[in-house]
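Here is what TrEMBL records for this protein:
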- Glu131: active site, proton donor (ACT_SITE)
- Asp276: active site (ACT_SITE)
- Glu380: active site, proton donor (ACT_SITE)
- Glu399: active site (ACT_SITE)
Amino acid sequence: CGPAHWGYVLGGRGRGRDEYEKRYSGAFPPQLRAQMRDLARGMFVFGYDNYMAHAFPQDELNPIHCRGRGPDRGDPSNLNINDVLGNYSLTLVDALDTLAIMGNSSEFQKAVKLVIDTVSFDKDSTVQVFEATIRVLGSLLSAHRIITDSKQPFGDMTIKDYDNELLHMAHDLAVRLLPAFENTKTGIPYPRVNLKTGVPPDSNNETCTAGAGSLLVEFGILSRLLGDSTFEWVARRAVKALWNLRSNDTGLLGNVVNIQTGRWVGKQSGLGAGLDSFYEYLLKSYILFGEKEDLEMFNAAYRSIQNYLRRGREACNEGEGDPPLYVNVNMFSGQLMNTWIDSLQAFFPGLQVLIGDVEDAICLHAFYYAIWKRYGALPERYNWQLQAPDVLFYPLRPELVESTYLLYQATKNPFYLHVGMDILQSLEKYTKVKLVF
């Protein structure tokens, strides 16, 4: 899928920052950087302003019908909507830290006050614990830290008479999520909880590894800010429970598990849906909290990934055989299960940067970017054997963008600024509609 352009990506590999800066000096001039920064800011403002004008206080702006959208009360089985939308002005809450990063202090302060005055979690809404944690709990905690941390780099974001209201809201939400961790024999949480009544009586006993094992960052931060270890304890217990269910032979985990029996329902092990953020949170939790057991688990998982999921030649751009690729295998045998990858896997080069495996990150990122160049987006699933998409849609996933950012920070190679520009322009060209992206 387009490895011919990999040489541009990899041409300076291993030569250090000075060599990159020398080779690509002037390749992305300051005026172009400013232009792309303004484009990114304008895209955000376009979506945010239209959400506030046409959808608030509902959760999101429907891009087709140009009106607000919340939970699908008529069809509780519509999990694509109901797992995410909880009737708590999701887009406004989710945008808080982005407003600050954009440097818009007045709008940030206005949005924070609006959240404090209008958002409540006392709702008869059944939401996915993972989605509520990463989108809502994480946003509240981030905004709270931006307001209270004098060392944050985004300018003056202080709010007069702020009395930790966002932290109190985060606490309230987390308490409403705690029933998911009760009455489970393994310590692995139920996937969904009703914010008013707790775990539904007909709740599914099966959950994905990523959903149950990717709560430690937000729950850990909340515990530290409150001085209450409860939240970190339940999240860490879930991680350890999943970790202890890994295969004794391969060290791999599956993607779906029964929370009562501990039996693996989905035995696929890969880097994409169902497993992706489990690995991500192990490493990022260590970076945040310094707990050695998180790093030890990640390092062991990374070795198993390299041993059983990585296929292709040993070197990235040298030698015989195909370029390296991470595939989906059976967690117990390591045998190939299918010939597709999904767009969520594009987070992995960024994670490799954080662990220091920059060479392999450069190579893997080039693979995903080659697919992006072909289609102007990452298809949800791509069949690497047929070199064609299996699932055609692209739901604005950010994983490739994060990996691109981290690779630029690690290498200072302006190539990654060009990748960022290409992604921005593709989004503007292919995903923008009347009021939103």
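Along the chain as shown, residues are numbered 1 onward.
Note that Cβ sites are derived from N, Cα and C of the backbone, with glycine treated the same way.
All TrEMBL annotations are machine predictions without curation.
Values in this document were obtained by computation on a predicted structure and should not be read as measured data.
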Alpha-carbon distance [Asp276 (active site); Glu380 (active site, proton donor)] in Å: 14
Glu399 (active site), number of other Cβ atoms within 10 Å: 23
Number of Cβ atoms other than its own within 10 Å, given for Glu131 (active site, proton donor): 18
Asp276 (active site) and Glu399 (active site), Cα-Cα, nearest whole angstrom: 10
Mapped DSSP class for Asp276 (active site), helix or strand or coil: helix
List of residues, in chain order, with Cβ under 8 A from that of Asp276 (active site) and at least 6 apart: Ala210, Leu344, Gln345, Phe347, Phe348, Glu399
Cβ atoms near Glu380 (active site, proton donor) (within 10 Å, other residues, all chains): 19
